[in-house]
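**Q** Below are the structure tokens for one structure; questions will follow.
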Amino acid sequence: METNGLRQRSPTSKNYGSTNGNVVITEAGRAADKRLDQHETFEFGGPWGVAAIITGFPVLMYYLWICLWFYDGKLVYPTSVDDIQPFLLKMWGHIQKDASPNLYAWEVYSGFFFFQLFIAWVLPGFKQEGLPVPSLGYKTLMYNCNALQCWYTTIVVSFVLHWTGVFRLTQIIDNYGHLMTVGMIYGFGVSFITYFHAVATKTTIRMSGNFVYDFFMGAALNPRLGPVDLKMWAEVRIPWVIVFYLAVSGACKQYDTLGYVTPNMLFMCLATGLYINACAKGEECIPQTWDMYHEKWGFMVIFWNFAGVPFSYVYSVVYMASHDPSAYRFSTLGYVVIYTTLLTAYYIWDTSMAQKSHFKMQTQGVLNFRRTFPQLPWHTVENPTFIQTAHGNRLLTSGWWRYSRKPNYVADFTMSFTWGAIIGTATFIPYFYPVFFITVLVHRCSRDFERCAIKYGKDWERYCEVVKYKFIPGIY
Ligand code: NDP
């Protein structure tokens, strides 16, 4: 039985109502879930903290871009009090000239944005049932996972546009500043529109009553546009596709200007390509992540996907596209080390995420998993060990999950580090991504563990005794 993407378990099924495959959500579990759906404490430093993030991040993004683009990757700053005003005017001048939201950027970003929305809407996909949503009375949502079809379609269309000269991919990196500004405007605009829509339609959840904080955290949990789940769409179809095309654009630019593409730029094409491909090929695992069933659709998620990730994660590409390769050339051994590190981290990230998602799907009764390219060995743990919680859910204690409580974070962070390290010491600005990301992951991890402690109580403590380390076994 399906209504508006919601699936109600068949009343004839013995799983009807309070069960999740062969996992039964107990009364205690329901009480904990209910508590987690109420606003209890302010996160991110409360209203003042989120106000600082909302205003500070765009400023930081402009600042780092200006340093990279105009000052050879060096951090510039006023050297005296008298210098502050001229310095700020100079910064503003750069933004006005090279990061204005011009017609070209509107056309390119909007064209890309609505093309992604259109193909997500119309292309067929793999149907994946999400986890039971407590706030929907434990109904599950169906997800049309067509990111892979959309990703392949995008590759073909972009290749044709480039080849025919209708839209040369080289232009993307040349218009970085302009596109970044339009991405930010989309981030703010969509956040406002969807916030007020949720309030007007009374689809809000976990509201604090403070406008700034609720705008940042979001109002709705599972907003949809037709068949498109906005959160999942925004997470996969916009940021990682843009970072991939920035890398490809940088490679095209090097080819045009140097006559060849450096191994460093190829590395970024590979790294970003692997990331978007992983998100697309394993899209059916995303409904099992807490981004989908817990995080709301607010400024934090929207701005970060429309502007933050695309325009602050691949500073190394921006630098390489405008600097001579001698500034960041590695020895052969250096290339072997960095490529091997990336591929190893990717393997652990991909398979650890798959192991947990497949385990959760198994507990929902799904035994046959989707097969997409590339299928890596050990994506599913045979005869997994787990802790049965009083809540009803199970916590996996085998596969990568026997070594640490966040093996996926360790691997993801390692990949992010290589995205900066590929530039060596030519400039430190590309290390913004790993530095920022480790902060996000540590904070996210503490939020997640607090949530799990409430949800699972003593069972969580038992789990932490079995899986002792948070990140790296033997160390932390
Ligand atoms: P996890 O995939 O670790 O999911 C956490 C949730 O999984 C917990 O709340 C719990 O939920 C469940 N869980 C935890 N341990 C177990 C276990 N042993 N067995 C079964 N269930 C368990 O984290 P995220 O969803 O935060 O992240 C997903 C990926 O996204 C990560 O790889 C992360 O690096 C990446 N990411 C990337 C970002 C970027 O900007 N590059 C930003 C944010 C995330 P419950 O029990 O309630 O089901």
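Positions of Cβ are set from backbone N, Cα and C atoms, glycine also.
Automated prediction, rather than curation, is the source of TrEMBL annotations.
So TrEMBL lists the following for this protein:
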REGION    1-21  region 'Disordered'
TRANSMEM  48-71  transmembrane segment
TRANSMEM  103-126  transmembrane segment
TRANSMEM  146-167  transmembrane segment
TRANSMEM  179-198  transmembrane segment
TRANSMEM  258-277  transmembrane segment
TRANSMEM  297-318  transmembrane segment
TRANSMEM  330-349  transmembrane segment
TRANSMEM  417-442  transmembrane segment
**Q** For the transmembrane segment (330-349) against the transmembrane segment (103-126), do we get 3 or more Cβ-Cβ pairs below 8 Å once near-sequence pairs (under 6 apart) are dropped?
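**A** In this chain the transmembrane segment (330-349) does not contact the transmembrane segment (103-126) - fewer than 3 Cβ pairs sit under 8 Å.
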**Q** Which bits of the chain, at least 6 residues beyond where the transmembrane segment (297-318) starts or stops, bring a Cβ under 8 A of a Cβ in it?
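**A** Result: 44, 50, 53-54, 57-58, 61, 64-65, 68-69, 173, 176, 179-180, 183-184, 186-188, 190-191, 194-195, 198, 214-223, 230-231, 234-235, 238-240, 242-243, 246-247, 249-250, 264-265, 268, 272, 291, 416, 419-420, 422-423, 429-430, 432-433, 436.
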**Q** Counting a contact as 3 or more Cβ pairs under 8 Å, with residues at least 6 apart in sequence, do the transmembrane segment (48-71) and the transmembrane segment (417-442) touch?
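**A** Yes, the transmembrane segment (48-71) contacts the transmembrane segment (417-442).
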**Q** Cβ under 8 Å, sequence separation of at least 6 from the ends of the transmembrane segment (258-277): give me the contacting residues as numbers and ranges.
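**A** Distant Cβ neighbours of the transmembrane segment (258-277) are 151, 236, 240-241, 243-244, 246-248, 250-251, 314, 316-317, 320-321, 325, 328-330, 335, 338-339, 342, 346, 415, 418-419, 422-423.
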**Q** What same-chain residues lie close to the transmembrane segment (103-126): Cβ under 8 Å, and 6 or more beyond its ends?
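**A** Non-local partners: 144-150, 153-154, 157, 167, 171-172, 175, 178-179, 181-183, 186, 225-228, 233, 237-238, 241-242, 283-284, 370.
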